[in-house]
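**Student:** TrEMBL lists B:29-50, B:56-78, B:85-105, B:111-130, B:137-157, B:188-209, B:242-262, B:268-287, B:294-311, B:323-340 with the feature transmembrane segment.
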Amino acid sequence: MTSTLPDTPLLVLRQIRKRFGATVALDGVDLSVRAGEVVALMGANGAGKSTLVKIIAGASQADEGELLWAGVPTVFDSPRAALQAGVATVHQQTSQLGVPGLSVAENLLLGRLCSARSAVLISPAHIQQQAAAIAGDIAPDLPLHADFADLTTAQRQLMALARALHEQARLIIFDEPTASLSQAESVRLFAMIERLKAAGIAILYVSHRLADLRRIADRAVVLRNGRVAGTFAAPLDLDAAVRALVGSTLPTRPAKNVDVVRGAVPRLALKQIQLRPDSTPFDLNLHAGEVIALTGNLGAGKTSLLQALFGLQRWHAGRVLLDGKNWQPRHCADAIDAGVFMAGEDRWRSSFLPVDSLGARLADLIALPHLRRLFGSGWIKPGQLDETAQLWINRLGIRCQGPNDTPDLLSGGNQQKVVLARWQSQPSRVLLLDEPFQGVDVGARHDLVASIRAASDTAVLIATSDLDEALEVADRVLIMDQHTLHDPGQHADAGSLIEHLEHLERFALGITATPRAATPAPLTESVL
Amino acid sequence: MTSQSATLPLAPSAVKSPRRSALERLRRYALFGVLALLIIGFSSAEPAFIQPANLLSILQGTSVDALLGLAVTVALIAGGFDLSIGATAATALIASSYAMVVWQWGALPTLVFGLFSGVLIGLFNALLVVRLRIPDLLATLATMFLLGGLQLIPTGGQSISSGLMLRDGSSATGVFAPAFLALGRARLLGIPVPVLVVGVLALVIWALMERTRWGRVFYATGGNEEAARLAGAPTTRYRTTAYVISGALAALGGLIIAARVGRGDVSGGSSLLLDSVGATLIGFAVLDARRPNVLGTLVGAIFVGVLLNGLTMLNVPFYTQDFVKGLVLVAALGLTFGLGRARR
């Protein structure tokens with residue numbers, strides 16, 4: 001399939017430079033990818049990863065520098081040109097992977113349907129047949145009749161992959177592919193990447209997730225401030241890579257809070273909580289000053305638990321005590337009044353306003369849930385908003401020009417700091433954080449973790465599907481599965497947790513391979 | 001209406017180039033600049049234009065459009081388009097005329113009745129959009145049709161004035177009360193009452209939307225309802241309130257027309273709708289707000305009023321008016337969205 005000599009890299013970038021106004025996004029980047037190689041591209045938000053990816057995929061052009069494709073100097077002046085040469089991208093935003101409203105089969109054939117040489121009339125049967133051929137053995141279970149809009153993230157990526165392979169892709173760029181995949185789905189994706197690699201396809205893998213990179217990358221290239229800060233060959237020295245990423249030595253993992261008063265009344269006590277009629281009841285005690293992380297597969301019930309405690313949904317049975325008193329919020333206003341705060345997943349959907357709206361400034365966003373307490377008379381005092389915002393900008397190290405910025409001007413990590421500032425700017429009893437580190441670079445994550453752990457009078461419950469994150473932030477890591485909670489033990493270290501998770505993972509994989517009724521009960525017990 | 005700009009990977013530029021900020025300033029004040037040019041141009045071509053009497057008549061002429069524009073603005077701020085604005089005004093016009101001419105009500109009960117009809121229509125819109133979750137454009141379009149037909153039923157499509165022939169063959173004997181007519185015709189300290197009413201209401205709504213926490217929640221609800229809800233805001237209550245305010249303002253607009261004309265003419269109110277939506281959208285360009293805003297709507301309505309008055313004075317044919325309005329709207333939207341996009 002590849003006509004290049006084995007030692008000519010498929011893609012070589014030399015001294016790529018790109019400026020946006022006063023900002024230098026890329027400042028002389030070199031990069032090469034060979035056929036059959038997985039190169040990881042790492043870097044904090046704003047380091048230039050996405051710009052680089054856009055240049056390779058033809059969506060943007062370099063100001064200076066050279067791009068060699070199979071040894072030939074080339075300029076991809078449009079995404080179509082890159083695609084025709086064999087560069088396919090699996091985007092982070094899966095909505096860019098296909099057209100909602102069309103079936104999967106039609107989406108698979110989209111390239112051909114849009115081509116000028118396509119026949120005017122194509123029968124549905126023909127489309128199905130062709131689509132099945134394209135899905136081939138890479139995605140045999142793809143529901144061809146389903147609407148693209150109804151697919152899961154993993155299925156959308158699979159569809160994009162099948163299409164890329166059909167269009168003779170020679171380089172596939174994965175942009176944060178596991179950002180919204182469950183552990184089990186990620187495992188399947190990695191297996192897929194191994195197969196692509198074996199077939200001689202070059203892979204550029206962009207991710208924050210260190211665990212991902214350790215598993216699949218042959219080489220990692222770290223970008224910082226638009227330059228290559230380091231290149232690491234497998235086996236990856238993660239600490240060194242992270243040091244290159246943040247540009248300094250890592251702070252050591254924060255010491256565990258050992259002085260939590262175990263004897264006192266827990267801040268939050270869950271008693272025989274059953275999230276669903278068919279799920280096993282569980283208990284949980286959460287003390288003030290304690291940070292507990294919930295991890296587990298997507299759909300395991302982490303978000304459901306957080307939402308129930310915040311009043312967005314009801315639990316099926318059981319009791320919750322907040323500082324020893326019965327707690328049953330009817331809606332989130334109740335929870336906020338009682339000092340139970342939640343920062344939802346996906347900050348743009350759950351926390352921010354469109355940038356032109358009144359109240360889209362950082363200062364306004366931080367104060368939004370607290371307006372009634374701050375301004376009882378009704379009149380807003382902008383000066384007070386700005387003061388609070390400036391305080392938190394300094395405290396969390398939010399990189400911005402000031403309280404008047406809108407969040408779209410900030411990197412992902414700094415956006416997340418704004419969300420945390422919102423919920424920390426007023427005293428809270430319980431802080432619920434749903435995937436607070438999504439799209440957050442390592443440097444910003446340390447700042448967030450430090451601030452979360454510094455709150456001594458708040459009980460914090462964090463849902464995250466990333467084990468690294470869970471271990472970094474929490475005093476205790478609990479595993480959620482099938483809407484119930486498993487405690488792997490007080491002193492679980494990373495090794496035993498991974499073992500535990502892999503058990504569950506295998507279990508989840510088994511479930512999808514066999515019918516749903518296949519005796520899950522005994523397995524759960526063996527896990528426990 | 002929830003357009004979220006994706007997070008671009010560009011690092012925020014620490015320094016804005018002076019050229020860009022000059023362009024930004026130009027866009028901010030462009031509409032005011034053009035307005036000033038228009039006034040200077042019209043005054044030099046036709047000195048009568050700048051006479052206080054003419055300026056007041058411009059304001060009086062635009063007061064209903066401005067009021068309905070405020071109604072559209074309030075609904076839009078809370079995230080719902082209200083296409084039934086014009087029809088609501090027309091319905092209140094008919095309702096008040098009918099109350100006075102046929103039922104022989106006095107000024108005050110009529111006024112309350114007219115406003116109440118607007119509130120009711122607002123609640124009906126809220127029922128459709130907020131409770132039944134019909135998309136706002138479709139629901140309020142349906143309301144518009146409904147009201148357009150409803151107002152024909154009591155009189156069989158006739159205009160309402162004294163001597164109206166009723167179903168039973170008798171004729172209506174009621175008259176428009178002078179106190180009611182004053183709402184559209186009287187002057188206070190030389191300023192027409194409708195202008196005063198609109199001025200006061202605009203100030204109140206501006207303060208509510210821009211300066212109070214309730215305003216923040218209205219905007220948050222319209223911008224990202226889920227985010228507002230997760231911040232603890234009772235968003236359905238806010239959206240309902242917005243439709244009710246919008247309906248009441250539109251009804252007041254209808255009452256002012258009835259008081260000015262002194263007759264209850266049936267109409268679908270579609271030209272009222274288009275003019276008020278136009279004022280609101282032109283308002284997006286004022287101070288580069290790019291969102292529905294009270295000040296902008298007011299300026300938008302005045303802008304159109306000045307333009308049409310001036311052109312009429314210069315003997316530009318009446319039938320070109322709509323074309324001119326369309327031109328202004330396209331230019332304002334181009335300014336707001338086309339050139340504005342470069343900023344992000």
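Keep in mind that glycine also has a Cβ here, set from the backbone N, Cα and C atoms.
These numbers come from a predicted model, not from an experiment.
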**Student:** Under a criterion of three or more Cβ pairs within a distance under 8 Å and sequence separation of at least 6, are the transmembrane segment (B:56-78) and the transmembrane segment (B:137-157) in contact?
**Tutor:** no
**Student:** Apart from its near flanks, which chain residues at least 6 from the ends of the transmembrane segment (B:242-262) lie with a Cβ under 8 angstroms of it?
**Tutor:** 63-64, 67-68, 70-72, 74-75, 77-78, 80, 82, 84-86, 88-93, 96-97, 111, 114-115, 117-123, 125-126, 129-130, 161, 176, 180-185, 194, 197, 201, 205, 218, 221, 269, 272
**Student:** As a test: from B:29-50, B:85-105, B:111-130, B:188-209, pick the stretch that has the greatest number of Cβ pairs under 8 Å with the transmembrane segment (B:294-311).
**Tutor:** B:29-50
**Student:** For the transmembrane segment (B:85-105), could you work out the same-chain residues 6 or more beyond its ends whose Cβ comes under 8 Å from its Cβ atoms?
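**Tutor:** Sequence-distant neighbours of the transmembrane segment (B:85-105): 64, 68, 71-72, 75, 111, 113-115, 117-118, 121-122, 143-148, 150-151, 154-155, 160-162, 164, 166, 172-177, 180, 246-247, 250-255, 257-258, 263-274, 276-277.
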**Student:** Is the transmembrane segment (B:188-209) packed against any residues at least 6 beyond its ends, judged by a Cβ distance under 8 Å, and which are they?
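**Tutor:** Those are 56, 59-60, 63-64, 66-67, 70, 73-74, 77, 182, 215, 218-219, 245, 249, 252, 256, 260, 293-295, 298, in sequence order.
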**Student:** Grab the same-chain neighbours of the transmembrane segment (B:268-287) for me: Cβ-Cβ under 8 Å, and only residues 6 or more beyond its ends, written as numbers and ranges.
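**Tutor:** Here the qualifying positions are 27-32, 64-66, 68-69, 71-73, 76, 83, 85-91, 144, 147-148, 253-254, 293, 295-301, 303-304, 325, 328-329, 332-333, 335-336.
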**Student:** Within the same chain, where does the transmembrane segment (B:29-50) have neighbours whose Cβ lies under 8 angstroms from its own Cβ atoms, ignoring anything closer than 6 residues to its ends? I mean 6 or more beyond.
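**Tutor:** Non-local partners: 282, 285-287, 299-300, 302-303, 306-307, 309-310, 313-314, 332, 335.
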